[in-house]
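Novice: The structure under discussion is supplied below as C-alpha cells; questions concerning it will follow.
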Amino acid sequence: MSGKKWDEEEEESSAPNSPVLAPGRRRFDDEEGNESDVLDSWDAAEDSEVEREKAKKAAEAKAKAEAEAAANKKSKAQRIAERQAERARQLAEDSDAEEETEAERRERLRREQKESDLKHAEDLFAGIGISNDRKVVSKGTIVQIDPKDPNNTIDISTLALFNPTTKTQFETLRTTLGPMIGKLSPKPHYTLFLQEFSKQLAKDLKSDEIKKIASTLTALSNEKLKEEKAAEKGGKKSKAAKTKTSLAGVGRGGAIAEAHDTYDDDAFGDDDFM
C-alpha cells in the first residue's frame, strides 16, 4: 500500500462519526431570566396581599371608632326617641297583660311599684355620689317598704346617699340621718341605743381617733351642764320672787283685816243703836 493511500485511510478513521453540538448557553440564560421574573411576580403578589390586609384592618378600626363615637354622642332627639320606644314597648306589654290572671296582675303592679320607688330614691339623691362597684347585699340593708307585703323591699345600700366619698357627701349623709335619729331622743331606750350605736360606728377606728370623738362628746356634756345649771338658777329666782310677792300680799291683807275689825268695834258699837 502506498503511503498516500495510507494517509487517506488514517484521516478517514480519525474523522468524527457524528457532528459535535455547541453548548446551549443561550437557552440557560433564557431560563434564568424566566425564573427571575417569576420570583419578582411572587414578591409583588405578597406585598400586595400585605397591603390589602393592612388597609382592611385600618378600615375596620375606623368603622368601629366611628360607631363608638356615634353611640357615645347621641343627640337629645335620639334619647327622646329611645324613651318613646321604651314607653311603646311597655304599652304593648300592658296590652298583652289583659289576659293575665288577678294574681299575675298584682305581682306585676308590685314589681312596677318597687322599681318606681327605687328609681325615685336614686333620682332624689342623684349627684351625691355613685359607686359603680356593687357590694354583697346584707340582710340589714334590705328595708321593707310596705308592712303588709314582705316582698315589697328595697336595698338601701344601692342608694348613692349611703356611698359617700367626699366631705360634702358625708356632710349630706349626716344632715340627712341626724335629724331622723335625733327625733327619737325622748324615747326611753334612746340613750342605750346611742351608746351601742356609737360604739359600733367607732369600733374600726384608731385609738387617737376615738379620743377625738370622746373629747367632742365631753365638750358637749360640759355645755349641757352649764345650760342646765343656768336653767336651774333661773327657776329658783322665779320661785323666790313669786313667794315674796305672795307673802307681801298676805301681809297687806292682814293689815286691812285688822283695820276693818277696829273700825267695826269703834264706830258701830251696840250702844249707838240704843
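For all residues, glycine too, the Cβ spot is worked out from N, Cα and C.
Pulled these from Swiss-Prot:
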type     : residues : note
REGION   : 1-120    : region 'Disordered'
COMPBIAS : 30-50    : compositional bias 'Acidic residues'
COILED   : 46-112   : coiled coil
COMPBIAS : 51-67    : compositional bias 'Basic and acidic residues'
COMPBIAS : 79-92    : compositional bias 'Basic and acidic residues'
COMPBIAS : 93-102   : compositional bias 'Acidic residues'
COMPBIAS : 103-120  : compositional bias 'Basic and acidic residues'
REGION   : 227-246  : region 'Disordered'
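Each of these features: where is it, how hidden is it, and who are its neighbours?
Specialist: Broken down with DSSP, the compositional bias 'Basic and acidic residues' (79-92) shows 14 helix, 0 strand, 0 coil.
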Novice: In the compositional bias 'Basic and acidic residues' (51-67), how many residues does DSSP call helix, how many strand, and how many coil?
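Specialist: Breakdown, helix to coil: 17 helix, 0 strand, 0 coil.
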